[in-house]
Amino acid sequence: MGKPSRVNQTTLSDFLLLGISERPEEQTLLFVIFLGMYLVTMMGNLLIILAITSDPHLHTPMYFFLANLSITDVCFTSASIPKMLINMHTQSQTISYSRCFAQLYFLLVFGGLDNLLLAVMAYDRYVAICQPLHYSTAMSPQLCALMLSICWVLTNCPALTHTLLLTRVAFCAHKAIPHFYCDPSALLKLACSDTRINELMIIIMGLMFLTAPLLLIVLSYVRISWAVFGISSPGGRWKAFSTCGSHLTVVLLFYGSLMGVYLLPPSTHSAERESRAAILYMVIIPMLNPFIYSLRNKDMNEALSKLFGSRKTISLP
């Protein structure tokens, strides 16, 4: 039957994740596609982590944060995609209250951590290009570990607060979420109680995890551009910019998709458009990151070659 009957079959402690498509005939194809992308994401990011940890030449700040970005991408994708695959395979749309709020917490933590790590990586490139003589002290192992710890604290505390505040919200009988994951804004639309404090938390987290990191990234690249254009040699300018190309590509893809969800006027929002953008930054970009960071990266290619015990240079599995 149609959607209303499926809503009636859920218990009072369940939400409905409507997913990407409600057509039963499309579920098998979607399951195969997203399972393939999920496996590629896992394999690619795990290989990046193994290559960096096994090669002493890659034990530098840039690759330290890249390895942590890969770990974050694995966790970020795993917070939502396995549940989506299970729902597709079982033809079920339900998710319990506890699992929904747990999923929301992990998505907020690892989504925020993704943003902060991209900002820290931009700062790393700024120091390397604009202050090369101070790089070893400004990006020492102790300071890198401290920055990573701060990123974890800055993401965990607001994510936990936001999740706990949501558990106090009373939800109406109709609990269908028009996404494949527990989206906080979609959850608030199902509320039957006052949600002003929850909406304020969404704004605060948006400023912390979107606006502030993006501002730091933009400022870093403005300073990098000034420094690079001050180099008289075209070869020197290209060499300096080439160290930022992979990071800049990921930033443009990641923030472009996020802005497509959260910064467009409310009148232009639709569940279908938001789902497409969410697929881009939650599934496709984490899958592409290993390819982007290994493409034309001689050090990474050599590390991957050593990992497979081959002298042949490769760009990814």
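Just so you know, glycine gets a Cβ as well, placed from its N, Cα and C.
Summarising the annotation, TrEMBL assigns domain 'G-protein coupled receptors family 1 profile' to 44-293.
If you look up TrEMBL, you'll see 29-50 (among others) marked as transmembrane segment.
What TrEMBL records for 62-81 (among others) is transmembrane segment.
The feature transmembrane segment is assigned by TrEMBL to 101-123 (among others). Remote same-chain residues near the transmembrane segment (101-123) are listed as 62, 65-66, 68-69, 72-73, 75-76, 79-80, 83, 95, 147-148, 151-152, 154-156, 158-160, 162-163, 166-167, 181-182, 184, 187, 205, 208-210, 212-214, 216-217, 220-221, 247, 250-251, 254 (criterion: CB distance under 8 Å, separation of at least six residues from the stretch ends).
Residues or ranges marked as transmembrane segment by TrEMBL: 135-155 (among others). Cβ atoms under 8 Å from those of the transmembrane segment (135-155) belong to residues 61, 64-65, 68, 108-110, 112-113, 116-117, 120, 124, 127-128, 208-209 of the same chain, restricted to positions at least 6 beyond its ends.
Within its own chain, the transmembrane segment (200-222) is flanked in space by residues 108, 111-112, 115-116, 118-119, 122-123, 125-126, 154-155, 158-159, 161-162, 165, 184-185, 188, 244, 248, 251, 255, 258, 262, which lie at least six positions past its ends and keep a Cβ under 8 Å from the stretch. Here TrEMBL flags 200-222 (among others) as transmembrane segment.
Under the heading transmembrane segment, TrEMBL lists 243-265 (among others).
Residues or ranges marked as transmembrane segment in TrEMBL: 277-295 (among others). For the transmembrane segment (277-295), same-chain residues at least 6 beyond its ends with a Cβ under 8 Å from one of its own Cβ atoms are 20, 34, 37-38, 40-41, 44-45, 47-48, 66, 69-70, 73-74, 76-77, 80-81, 179-181, 183, 246, 249-250, 253-254, 257-258, 260-261, 301, 304, 315-316.
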Problem - Confidence summary for the domain 'G-protein coupled receptors family 1 profile' (44-293), mean pLDDT rounded - result: 88
